[in-house]
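Colleague: Before I ask anything, let me first share the structure, which is written out below as structure tokens.
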Amino acid sequence: MFLFLIFIINILLLLTSSSSSDLRPGFYSYTCPQAETIVKNVMKKALLREPRSLASVMRFQFHDCFVNGCDASMLLDDTPSMIGEKLALSNINSLRSYEVIDEVKEALEKACPGVVSCADIIIMASRDAVALTGGPEWEVRLGRLDSLTANQEDSNNIMPSPRANASTLINLFKKYNLSVKDLVALSGSHSIGKGRCFSIMFRLYNQSGSGKPDPAIDLGFRKELNKLCPLDVDQNVTGKLDSTPVVFDNQYFKDLVAGRGFLNSDQTLFTFPKTRGFVSLYSKDQTEFFKAFVEGMLKMGDLQSGRPGEVRRNCRVVNAHFLSQHKKMHNNDKSM
Ligand code: HEM
């Protein structure tokens with residue numbers, strides 16, 4: 001009876017949860033009160049296993065929310081009839097640690113089957129990744145639904161290149177109602193994690209087709225990067241995005257001021273007048289950075305497509321496929 005009641009409450013909540021204004025803190029407090037603790041515990045385990053995986057999971061929020069809203073579309077595996085986002089230009093050979101989300105989902109399905117969406121898992125896990133590496137902690141708004149499809153082309157068209165300059169990035173973020181301040185603060189996510197040589201070869205050897213390196217790179221740092229990424233390097237070799245890549249702090253901004261930003265899209269924030277002031281401010285005042293970062297994450301987390309959705313049972317597949325797969329397995333078992 002109790003479980004049935006929970007089920008009914010859940011259905012009612014889901015029916016009313018499709019627009020961002022319906023997102024709210026404590027969304028699962030009746031239907032899955034342990035949800036946030038479960039997510040955090042899996043993230044703690046991931047931190048012990050591989051510290052970088054927290055950065056990799058945190059990046060999901062950006063790659064999910066910018067492409068048709070925060071709906072976990074980027075977690076869907078390709079199917080014969082759908083080319084998903086995992087192999088999109090910015091994601092292929094780059095997004096990683098999908099298995100951490102699988103682990104969270106499995107734990108949540110055990111505790112409260114069919115209740116917590118993968119889109120909300122991304123939002124909670126990103127928040128925890130920041131807090132567990134030394135950054136701020138904040139209350140997240142929940143109640144998102146998972147998409148029924150994914151779109152590789154949209155991801156290709158939307159997600160910015162590491163070559164992007166500040167004015168391209170300002171225009172992109174503006175489309176999502178995110179300000180110049182949000183752009184700079186959210187770029188501070190590169191305080192944790194790594195990037196591939198692939199993402200910086202052009203700025204080391206041929207910035208804007210000049211045949212020369214990006215003049216904004218500090219000379220000593222350029223030597224380090226040349227050593228890490230020589231012209232004949234395996235471009236999957238990785239370097240730190242800032243000098244303290246497992247600690248979420250304002251070192252990223254100090255590095256930018258010193259000309260030691262890893263990506264062109266990072267360094268351009270200090271070169272460009274409209275963004276430079278925020279970089280300077282955050283390099284001196286970590287509290288201001290943390291405050292602006294939380295605001296930016298909340299705003300980005302509110303992006304919604306308004307399309308119909310569901311709570312996926314497995315974050316990699318839509319429920320129709322998941323259920324038909326299970327039915328097949330069940331029938332095979334019976335015929336054996
Ligand atoms: C402003 C535009 C942005 C651009 C152009 C950009 C681009 C990139 C690139 C090129 C990488 C390295 C990928 C690789 O070489 O494989 C990266 C890594 C990363 N990005 Fe961004 N990014 C941006 C904004 C963001 C935002 C808003 C977030 C999150 C809020 C984010 C979180 C991360 C994290 C945590 C990593 C490290 C991931 C890891 O170690 O696996 N980025 N980004």
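Backbone N, Cα and C define each Cβ position, glycine as well.
Fair warning: this is a prediction, and the values are worked out from it, not measured in the lab.
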Colleague: So C32 is in a disulfide according to TrEMBL. Which of these is its partner: C65, C70, C112?
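Modeller: That would be C112, the partner TrEMBL lists for C32.
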Colleague: Between C229, C315, work out which one TrEMBL annotates as bonded to C118 by a disulfide.
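Modeller: So the cysteine that TrEMBL bonds to C118 would be C315.
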Colleague: Near ligand 1, which of the recorded positions R59, H63, D249 have CB less than 6 Å from any of its atoms?
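Modeller: Only R59 meet the Cβ criterion.
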Colleague: To the nearest whole angstrom, state the Cα distance for the pair H63 (active site, proton acceptor) and T244 (Ca(2+) 2 binding site).
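Modeller: Pair distance, Cα basis, whole Å: 23 Å.
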Colleague: Within the chain of D249 (Ca(2+) 2 binding site), which residues six or more apart in sequence place their C-beta under 8 angstroms from its C-beta?
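Modeller: Result: G134, G135, S191, Q286.
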Colleague: Please report the three-state DSSP label of H63 (active site, proton acceptor).
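Modeller: DSSP assigns H63 (active site, proton acceptor) to helix.
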Colleague: Please give me the CB contact count at 10 A for T244 (Ca(2+) 2 binding site), counting all chains in the structure.
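Modeller: T244 (Ca(2+) 2 binding site) is surrounded by 18 other Cβ atoms within 10 Å.
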